[in-house]
Amino acid sequence: MCPDQTSNPKCILLFSGKRKSGKDFFTDLLIERIGHDNGVIVKLSAPIKSHWAQLRGLELSKLLDSSSYKEKYRQDMIIWGESMREKDYGYFCRHAIEMCRATDKSVWIVSDARRKTDIKWFHENYKNVKNIRIFTSDDVRKQRGWTFTEGIDDAPSECDLDDFTSWDFEIENNGNTGNLEESLNLILQLIKQEVPVIQGTN
Ligand SMILES: Nc1ncnc2c1ncn2[C@@H]1O[C@H](COP(=O)(O)OP(=O)(O)OP(=O)(O)O)[C@@H](O)[C@H]1O
């Protein structure tokens with residue numbers, strides 16, 4: 001498809017990382033720097049969570065934030081999501097874009113790419129797509145509340161990108177604020193090259 005990219009989006013950042021690596025944490029910092037007028041966070045898990053919230057009468061906002069609420073339902077959501085992806089790997093990508101009205105914004109920050117096919121879909125359909133991986137040690141993830149859970153941590157939704165190597169950026173998020181700030185600045189520089197209107201932000 002690759003639409004004319006004088007229109008939105010001008011730049012897409014696809015973030016991935018293991019559970020509790022800090023994807024939400026980092027992308028929340030990034031959107032604050034870019035400004036909500038310029039960018040939007042696209043959550044590929046949003047359509048799954050929205051479906052689940054409706055089906056089970058759950059609170060969507062609590063499923064979407066970084067609280068532990070979502071952990072109770074993660075496995076069921078993974079299984080349902082899996083069956084949908086098998087039929088159409090772009091299904092959640094398209095729905096997530098629609099849900100947050102992303103076409104109004106220049107910079108799309110996809111905070112939860114989990115599959116090679118997520119990455120494939122964005123590259124097939126848009127230009128200026130960057131693949132970004134957040135790396136965090138298991139010890140630090142444990143400190144953030146992660147415990148290895150069968151059916152989740154050994155499932156494709158968590159492991160499919162383990163052997164993917166085509167990262168444009170690799171971010172270490174082991175709690176060193178200096179490293180994180182440096183990564184934020186590098187990514188902001190990249191965005192500013194593509195979207196000059198963001199020049200003024202820092
Ligand atoms: N650099 C950091 N400094 C302090 N706290 C952090 C840092 N990175 C992440 N955290 C905290 O660790 C927890 C997990 O981070 P976050 O929710 O962003 O991970 P995630 O990769 O989005 O996880 P999941 O895949 O489970 O949704 C959150 O409470 C977050 O605030």
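Backbone N, Cα and C atoms are what each Cβ position is placed from, and that goes for glycine too.
Automated prediction, rather than curation, is the source of TrEMBL annotations.
According to DSSP, Asp24 (ATP binding site) is assigned to a helical segment. The ATP binding site annotation in TrEMBL covers Lys18, Arg19, Lys20, Ser21, Gly22, Lys23, Asp24, Arg144.
Asn173 (substrate binding site) counts 22 other C-beta atoms within 10 Å of its own C-beta, drawing on all protein chains shown. Summarising the annotation, TrEMBL assigns substrate binding site to Asn173.
Its own atom aside, the Cβ of Asp24 (ATP binding site) has 18 Cβ atoms within 10 angstroms in the protein chains shown. Pairwise Cα distances among Lys18, Arg19, Lys20, Ser21, Gly22, Lys23, Asp24, Arg144, the recorded ATP-binding residues, top out at 13 Å. Sequence-ordered, the extra residues of this chain that approach the ATP site, with Cβ no more than 8 Å from the Cβ center of Lys18, Arg19, Lys20, Ser21, Gly22, Lys23, Asp24, Arg144, are Gly17, Phe25, Ile134, Thr136, Arg141, Trp146, Asn173. Each residue contributes its Cα atom, and for Lys23 (ATP binding site) and Asn173 (substrate binding site) these two points are 9 Å apart.
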